[in-house]
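What follows is one structure encoded as structure tokens, with my remarks underneath.
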Amino acid sequence: MWGVNRPARLVVLVSGSGTNLQALLDACADPSYGARVVAVGADRDGIEGLVRADRAGVPTFVARVDDYTSREHWDRAIADKVGAFEPDLVVSAGFMKLLAPDFLARFLTLNTHPALCPAFPGMHGPRDALEHGVKVTGATLFVVDDGVDTGPIVAQVPVEVAEDDDVTSLHERIKTAERAMLVDSVGRIAREGIAVEGRRVRIGAGAR
Ligand SMILES: Nc1nc2c(c(=O)[nH]1)N[C@@H](CN(C=O)c1ccc(C(=O)N[C@@H](CCC(=O)O)C(=O)O)cc1)CN2
Ligand SMILES: NCC(=O)N[C@@H]1O[C@H](COP(=O)([O-])[O-])[C@@H](O)[C@H]1O
């Protein structure tokens, strides 16, 4: 178990620009943070997230659904690729594939979502929030379960919607708050532990 003697091993999964990954990489550069990114995985090639990992000297792997004969084969492959790095924690940070129940049973997995769950689940949180006309949205860090953005909530941060926001401006503002929340929560989990009891998540007080 990770703890005082060794940092928590993180595998981060990405599908795009990887600014959340970058925030974690930057935080992990400080040994007192309590975690290190041991690998970065993706479901597609040619993304900035993989470049960020390369630049930081972190091993990467890619598992494209199209390269497997079925989704079930991909599910097994991504689990095996992640498992090879023996993570204490998997962080899905802009990873645009649903993870299978077997994967989630094997790895404690967190996902960051650009909306205040349970509102606006799925791949278009900022767009859906804007279209609904909410005045406050935000970001949620949760423990991934078999549903879509339904897992037990670790942390949330509110973000105001401006009258002149479009999807891009709103998402960028959410991402600024989201990165801070992600770095703070993952660091606290790495240093203090996490306990998940039903829908309640507790960080610290010896939880691990
Ligand atoms: N079992 C779960 N897996 C994942 C969750 C989750 O809550 N439960 N969260 C995500 C990220 N996510 C939004 O938060 C999300 C990702 C992907 C999809 C989706 O429908 N993906 C399609 C493919 C789309 C594509 O490749 O462009 C798919 O998986 O076939 C919905 C929500 C991480 N995984
Ligand atoms: N449903 C999943 C989803 O919408 N994820 C979102 O994609 C962005 C990735 O940004 P990044 O690649 O710059 O970290 C983040 O806002 C993340 O919450």
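Any Cβ shown, glycine's included, is placed from N, Cα and C.
These come from TrEMBL:
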ACT_SITE  His113  active site, proton donor
BINDING   Gly18, Thr19, Asn20  N(1)-(5-phospho-beta-D-ribosyl)glycinamide binding site
BINDING   Arg71, Met96, Lys97, Leu98, Leu99, Asn111  (6R)-10-formyltetrahydrofolate binding site
DOMAIN    9-185  domain 'Formyl transferase N-terminal'
SITE      Asp149  site 'Raises pKa of active site His'
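Across the fold, the C-alpha of Arg71 ((6R)-10-formyltetrahydrofolate binding site) and the C-alpha of Asp149 (site 'Raises pKa of active site His') stand 20 Å from each other. Ranking the binding-site residues Thr19, Asn20, Asn111 by how many other Cβ atoms lie within 10 angstroms of each Cβ puts Thr19 at the bottom. For Leu99 ((6R)-10-formyltetrahydrofolate binding site), the nearest neighbour among the recorded positions Gly18, Thr19, Asn20, His113, Asp149, judged by Cα separation, is Asp149. For the pair Asp149 (site 'Raises pKa of active site His') and His113 (active site, proton donor), the C-alpha distance works out to 7 angstrom. Cα of Asn20 (N(1)-(5-phospho-beta-D-ribosyl)glycinamide binding site) to Cα of Met96 ((6R)-10-formyltetrahydrofolate binding site): a distance of 14 Å.
When Cβ atoms from all protein chains are considered, those within 10 Å of the residue listed as 'active site, proton donor' total 27, not counting its own. Put simply, the two farthest-apart Cα atoms among Arg71, Met96, Lys97, Leu98, Leu99, Asn111, the recorded binders of (6R)-10-formyltetrahydrofolate, are 21 Å from each other. The candidate set comprises the binding-site residues Arg71, Lys97. Of these, Lys97 has the most other Cβ atoms within 10 Å. Neighbour counts of Cβ atoms within 10 Å were compared across the binding-site residues Leu98, Leu99; the minimum falls on Leu98. Thr19 (N(1)-(5-phospho-beta-D-ribosyl)glycinamide binding site) and the residue listed as 'active site, proton donor' are 13 Å apart (CA-CA, integer value). Geometry remark: Leu98 ((6R)-10-formyltetrahydrofolate binding site) versus Thr19 (N(1)-(5-phospho-beta-D-ribosyl)glycinamide binding site), CA distance 20 Å.
Under a cutoff of 8 A between CB atoms, and with a sequence separation of 6+ in the same chain, the neighbours of Met96 ((6R)-10-formyltetrahydrofolate binding site) are Ser15, Gly16, Asp43, Met123.
Taking the C-alpha positions, the distance from Gly18 (N(1)-(5-phospho-beta-D-ribosyl)glycinamide binding site) to Asn111 ((6R)-10-formyltetrahydrofolate binding site) comes to 13 Å. Annotated N(1)-(5-phospho-beta-D-ribosyl)glycinamide site Gly18, Thr19, Asn20; additional same-chain residues within 8 Å of its Cβ mean position, judged by their own Cβ, are Val14, Gly16, Ser17, Leu21, Gln22, Ala23, Gly49, Arg52, Ala93, Gly94, Lys175, Arg179.
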